[in-house]
Structure formats: C-alpha cells, structure tokens
Amino acid sequence: MTLLTHVLACLFGMGSWVAINGIWVELPLIVPEIPEGWYLPSYLTVLIQMANVGPLFVTLMHRFRPGKLDERPVIYSIVGLGVVATFLLAFFWKHTVPLAGATHSVPLLVLCFLLSVVDCTSSVTFLPFMMRLGPQYLTTYFVGEGVSGLVPAVVALVQGVGVVHCRNATVASLANGTLGVNSTVGASGELQAQYQPANFSAQVFFLFLSAMMVVCLAAFLLLNHHPAVAREKKCEQYFNGGLAEEKSDQALSLSHRPQEEKPMISSPDSHRRARQSSFGTGFYSGPELAFIFVVLAWVNALTNAVLPSVQSYSCLPYGNQAYHLAATMAAVANPVACFIAMFLPLRSLVLIGLLTIVGTGFGTYIMAMATLSPCPLLVHSASGTTLIVIAWVLFVLTLSYVKVIIGVILRDEGHSALVWCGAVVQLGSMLGALSMFPLVSVYGLFKSGDPCNTKCTK
C-alpha cells in the first residue's frame, strides 16, 4: 500500500509546524483582544527561540550518547503535548493574569511556548524517524510540512482574519457612543480602520488546530503499527543495535544503492571517489558538506525568520488584499516546491547554489520594499501589488526547493546527517530571528502605516 504510506507521511509532516503557523496567521484576530497588543509578534519570536532548548537536548543526546535516544517516544510526547496545548489555547487565550502591576496574557504566552517546543523539536525528531521508511517518502513528508503552513492560511482566509474597512472616525465614534469631552477625534473627516467580525471565532480556529494535531498523532501511530506500512519499512536493526554506531549506512556501498538514493554530483568519476570524510557515507568532502550546511542555515534564516518578520511591512502598504494574497500564495508555493522536487530531484550542488542566489534576490526585493514602508515603490499601482505577490511566491518556491533537495541529500548520508540537518534548520532560524528582533522591535527601522490615512506621493 504505497499510497497509504504516502498519505500517512504527508499527514505526519503536516503536524510538524501547523500549530505555530496557525498562531501566526491568527494574530490579526488575537492582537486587538489582548493587553500585549502588537508587541505579541515580538514576544512570539523570543518564545520560539527559547523553545530551541528542545532540539538542543535531542542534538546533544545524539552527539554525546549516540544510540541512547529513540525518536519514537519523543515524538509521541511532543505530539501529545501539541494536542493538549492547542485544545487549552481555545479556551484560555483571552485570559489575563495580574503581573508586576500590569495584566498579561500569561496562559497564551505559556501555551505558545509549549507549542514552540513541540514544533521546534519536531525538526530534529520527525526527519530522523523518516529513515525508517524508503527514500521516496521523505519528499512526501516535506509536502506535508509545507501543507502545515498552507492549511491554517486557507482556513484563516475563510475565517476573514484581517479584513478591514475604513469609516469616518467621527461617525464611528458617535455610533459607538465614545465621543466625549476629552476625545481627540475632530470633524476633520479622518478615516478609522475597523476590522470586521470574523466568520468564526478564534476558539473554533484553535480547536481546528487541535484536531490537526490529533490527525498527526493518528498518522504516526499507523506509520509505526499498520501492517501495510510495516512491509515497506527498512531493516529494524537500524533503530536497535545498529543505531548506536550508525554502521548500517556505512556498510551499504554506493554500488548497491538504488539509483534514486545516489547523491548526484556532476563529476564523471564520482563512482570512483574515495571516502572523503567521516560523516555519513563519506561521499561528500568536508568543504562540500560545509557548503550544504551553510546554505541550509542561510535559507532557513531567510524563510523562517528574516523575511516573515517584515512581511506586513512589505505587503500592507499595497493593501490588505495584497498581504493576504502574498501570505496565502507563498504558503501554496511551499508544497508546490515539494511536488516539483518529488518528480525532479536535481541534486547538483551547483544548481543548489544558483537557486539560493536567485531566491535571495527575490528576498532582497522584499526587504527593500519593507524598508521603504509605508511608501514603497509603485505603491499606488496594480503592478506594485503584482510584483510584491510574485516576489513572495518565487522567494518561497525557490528556497523551499533548495531545502527539500538538501534534505534528500542528507537523507542519503544517514541518520546522523538528518539529525544535524534539523539542528542546522533551527540554528539558522534562531540566528535570523535574533538578528531581526532588535531591528524591528527595538530600533524601529521598519515603519508601519495606517491602512486608511497614510498618504504617499505618486
């Protein structure tokens, strides 16, 4: 039942980041209801980086106590925690607690931290677990990981998150009975942004996220125990006695590997290359491995931290529709890149480098528009809206393809390589977030605009 295994691998991957991705797309609905206000994204960035204690623990265990940590119990624990945390979030996200003379959304922040631990730790446990299955299922897993961002975005659009209408401030205040003696609203006809009620509440959205985590848990159970999946598993000794020394991968000669598992380097005498390093199969030299991991860290820094932190600044000046189109279509581009990699797995390091440069170019354009906010280039034209949406889509498409291909390459290098793959993913994301946090939240280098009152010269 190859199809069943593909479906389960996709559903399993979908649970990797669905919780945090869901919280991010729900922010426009949450922020007006809590005392932290628009500081919440900055707090979330810090919480996610603090949650890297999870992957740090797993990575150190693999480094200093190889073979002592089985990913399966860890995965059961973190996915179960994700189910409980998202369920509690549905009922406690609006609750506040007096703390240090002010009210804070302590339950929301604590639950967000726990979900960050779940999702960050998945990067160094889900990927190594996929070594139990054939190499063709790794790309399917990445498709599911991409869908973990797509599904919450689509549901949020159906919910109506962030839909804004402009009304005359004086009229709105009179209608609400809020225009008093000390009111600063005059008769100047100033417009006021009003967010319309969502089609369903944040509570329903968080219950949906909890259901998604339950689906992930069920998929993981079936991947471990379904008879049809068991027939396709690799040799179990890899996860028993063989895991400690990780010799099973080294014992496989390149000449006996299936064609799709061979690393594809354009060198004509690659099959005669001697072992060049002690890492994995040793097929790649030290500089080549360094290049792979540096690119992996760079790509994840851009896609997971640097550009997402300024997405609103780059898109909202062009209008709310541009922002939602960019967010949704970029989320679609991720699984599309995984599908492309499934049928066109070009593992050339030269191609990886070129695609990284191209994707970085699109990211540079996005960053430039964010820097010029609230009046970026072509802000009053349809071409400006089109360009920013296309830039986001191509940025995510190219760099997502790079991430998937690097994952496939490192999968061929063995279990340890995938563990370090997950660690580098988190390292790159952490460095990107730590570099952007002071720029956005402390120094205020990026300026926001009012969707109804900001005026830009044409």
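Going from the start of the chain as shown, residues are counted 1 onward.
For all residues, glycine too, the Cβ spot is worked out from N, Cα and C.
Taken straight from Swiss-Prot:
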- 11-31: transmembrane segment (TRANSMEM)
- 38-58: transmembrane segment (TRANSMEM)
- 73-93: transmembrane segment (TRANSMEM)
- 97-117: transmembrane segment (TRANSMEM)
- 146-166: transmembrane segment (TRANSMEM)
- N168: N-linked glycosylation site (CARBOHYD)
- N176: N-linked glycosylation site (CARBOHYD)
- N182: N-linked glycosylation site (CARBOHYD)
- N199: N-linked glycosylation site (CARBOHYD)
- 204-224: transmembrane segment (TRANSMEM)
- 249-274: region 'Disordered' (REGION)
- 279-299: transmembrane segment (TRANSMEM)
- 325-345: transmembrane segment (TRANSMEM)
- 349-369: transmembrane segment (TRANSMEM)
- 388-408: transmembrane segment (TRANSMEM)
- 417-437: transmembrane segment (TRANSMEM)
Distance, N168 (N-linked glycosylation site) to N199 (N-linked glycosylation site) (CA atoms, angstrom): 24
When counting Cβ pairs under 8 Å to the transmembrane segment (204-224), the leader among 11-31, 38-58, 73-93, 97-117: 11-31
DSSP three-state assignment for N199 (N-linked glycosylation site): coil
Best-contacting stretch, by C-beta pairs under 8 Å, relative to the transmembrane segment (388-408) and drawn from 11-31, 38-58, 325-345: 325-345
Among the ranges 11-31, 73-93, 97-117, 146-166, 325-345, the one whose Cβ pairs under 8 Å to the transmembrane segment (38-58) are most numerous: 97-117
Stretch among 97-117, 146-166, 325-345 sharing the most Cβ pairs under 8 Å with the transmembrane segment (11-31): 146-166
Positions on the same chain near the transmembrane segment (97-117), where near means CB under 8 A and six or more residues out: 19-20, 23, 30, 34-36, 40, 43-44, 47-48, 50-51, 53-54, 78, 81-82, 85-86, 88-89
Tertiary contacts of the transmembrane segment (325-345), as residues 6+ beyond its ends and Cβ separation under 8 Å: 25, 139-140, 142-143, 145-147, 149-150, 153-154, 157, 260, 264, 311, 314-315, 388-389, 392-398, 400-401, 404-405, 408
